[in-house]
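What follows is one structure encoded as structure tokens, with my remarks underneath.
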């Protein structure tokens, strides 16, 4: 883009229009949406802060755009000079403005994706453009299985109704956007979608324009920064809000679409309401691994809160159902029940309901039955509320629902009766939707998983054995531990009494088990043991559950994360299955969790991905040998560095036979908003998971050939070696990492309740995977994603040039390898080593500059080798739409990168001299108050010069929005 053209451009959206490819399809509204939102925002910025500040925003954007054109580092310096000349208040406003513009760009993109999707559905075109790499549609999957793969419709239906996808919401601290802003973003999205509807009237348009202006201004006027860290209860409430807003209604709507898709392949049955197609679990308030803020009291609170929320949502729907169920014809079975209830209800207290507040006559039998359901739901909700507030309730247990079977029974009775009286069409309306909600969400809304480190259980058992004076459990061999645990599990005597000496940590573990015993069993899902390495880790949890009187013990799930643990996992699980007591206990079913984050941090992405692939194959073979059905629980993050990527591609690239209709997967942090933030996103997410799980089971991907395996094994060794050589053995690395990235400042964002380190001191090993990825994402260098790939590819090609052809063939024909390469290519497209070079120049000591240069040379070499294997000349050659979307963001992100680098310089070096130009934000009528200065007052206790800390945090949030992930 020539400089003279840039000088003539009046606004940012004019530059955006220059980025439009020569030919854009009619349904491509992205530029239009983007420009509309930005025009509105820049007008708001001018109204609030004056023309001078708006011009500074445009000047920064233009310098960034010039840099993006030629990657001339001088442009970054010019941009840095503009940004460092701003006074503290203006600096905050500029960082906030660019962060806000990136959020608006994301919203424009989401509306555009939904628009393209609708266009495709209208055309009946599912395989258009990028859909092959981003979508997995249930109807298209059914048609593909029946018509292309010659599966019978009955086979498809049978596989579908027996499959389960369990989505596990976790409070991983990667959601950097406050809930207050997420809600405003949702309203902006709605306004934008409605503005581009075909049948909009002029009055509608005017009102929507006003609403859009109002919401954009409200979002900009909201403090983006969390001033205090969230508690686990805050995280749980935030996670559960998605159920209230989209998931609750989204599940029956999705299942109705599945019914329609089945009808279109010739199946005239509906998916049974109790078929477990979709289930939801949570770690919010249950994941205590490294988080001291998750206490037994927190676990109890979140379970009761979820129960109260579930009862409240059912209660709010039951009167609508009563209105619909006005029929008088019913089966004898239902009539007898209705008459009994009518007689007994006259003696009960009358509750002051809004509708049906008087006793329902027996001539409306369905309403009588549902009226009793309403009473019990009311009591269920109130009892949970009392227990939450006061620990006791005077509502007797017999007047509430304590398990889901009690709740389903009267609803099933109504359904059977309607069908028996020829009213199936009515039964299959709202009543079926309600039954499906009850079957999906139960009384607990989600099932809470408990996660704890194996060492904490060892501490408890060591205290017990020392108290019993039989030795130190911690010092026993694995054989001796197993022998003692099995002997105790087979016996009946209590293992310890109230006189057991307890440290605070031991009491915490035991009190957690007591909470499991106290609350209804349907509150809980799995008990996950992190850092599990041997059968005794699993048996220890079984014994502690028994000793604490957990009536229905939770299934125990070992979690294997690091490379060595993944390699040893199949043997460990085989030893576990060899124990007769345990084999009888699990009834032919076992779950194993595999961790993507820590394995990547431990060995690099290539080696971790390959070891995760092999571990799954071997674990499935072990399970088959012992006659056990194994469910894999995938602990995937949102970023590629932590196992993220498009959902259906991730599923379809898993090894054959490793899913077979049963899948658990974590949905973490910002991914929850991206997957469930809107109704259409929720619908699309449920489609992707269900369709891809079905397709993987009925049309498994190919197995790798022996020569591919051998090459992958060799390359993984080299990749791990180079990765560890640099990350763990290179003496300069830790210092370089801490200086070149904002890792040390990450904790100031107050994203999550969990500390960023497992141990307060220590190096890279003790750093959690999220801040590790976060730090490199902020500098757009993405080192954890690509490091090791270059060494592996170079070794393979130099060893034998034929290996290049083999790698190219693997890319074309093997889904696992293709997905692995494509995701790294996407990360390279988001990367920019020029930003890393600027950080080095400003923040890193001169003696480390050569080290930074060698890493950037490695980056370029790896990128070129990757393109050669993919057969691409340029990054994202095969996905021009994604490339366009990323280009639209680059200039905003670059401004924030430069702002961040110079702000870090000023924070870390208080002697760094800058010269402020005059204050440019306009003043209010009274001269003492400047709007930009008001921002400084939001953080009066900062330990740095005024405005620096907030400017830094705003750049972090903006870059996270631009990269569309945090950690």
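Note that the numbers count up from 1, one per residue, in the order the chain is shown.
Using N, Cα and C of the backbone, Cβ positions are placed for all residues, glycine too.
Pulled from Swiss-Prot, these are the features on record:
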type	residues	note
MOD_RES	11	phosphoserine
ACT_SITE	172	active site
BINDING	283, 451, 598, 636, 666, 754, 768, 769, 770	D-glucose 6-phosphate binding site
ACT_SITE	601	active site
BINDING	642, 674, 830, 889, 965	L-aspartate binding site
ACT_SITE	642	active site
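DSSP assigns residue 283 (D-glucose 6-phosphate binding site) to coil in the three-state reduction, placing it in neither a helix nor a strand. Take the Cα of residue 666 (D-glucose 6-phosphate binding site) and measure to each of the binding-site residues 674, 830, 889: the nearest one is 674. Compared over the recorded positions 601, 830, 889, the count of CB atoms lying within 10 A of a residue's CB peaks at 601. Counting Cβ atoms from all protein chains shown, residue 283 (D-glucose 6-phosphate binding site) has 29 others lying within 10 Å of its own Cβ. Following the DSSP three-state reduction, the secondary structure of residue 666 (D-glucose 6-phosphate binding site) is strand. When the Cα of residue 889 (L-aspartate binding site) is compared against those of the recorded positions 283, 598, 601, 770, the shortest separation belongs to 770.
Counting only the Cα atoms, the space from residue 601 (active site) to residue 830 (L-aspartate binding site) is about 20 angstrom. Taking each Cβ in turn and tallying the other Cβ atoms within 10 Å, the top scorer among the binding-site residues 666, 674 is 666. Within 10 Å of the Cβ of residue 770 (D-glucose 6-phosphate binding site) there are 27 other Cβ atoms, across all protein chains. In the structure as shown, the Cβ atom of residue 598 (D-glucose 6-phosphate binding site) sits within 10 Å of 23 other Cβ atoms.
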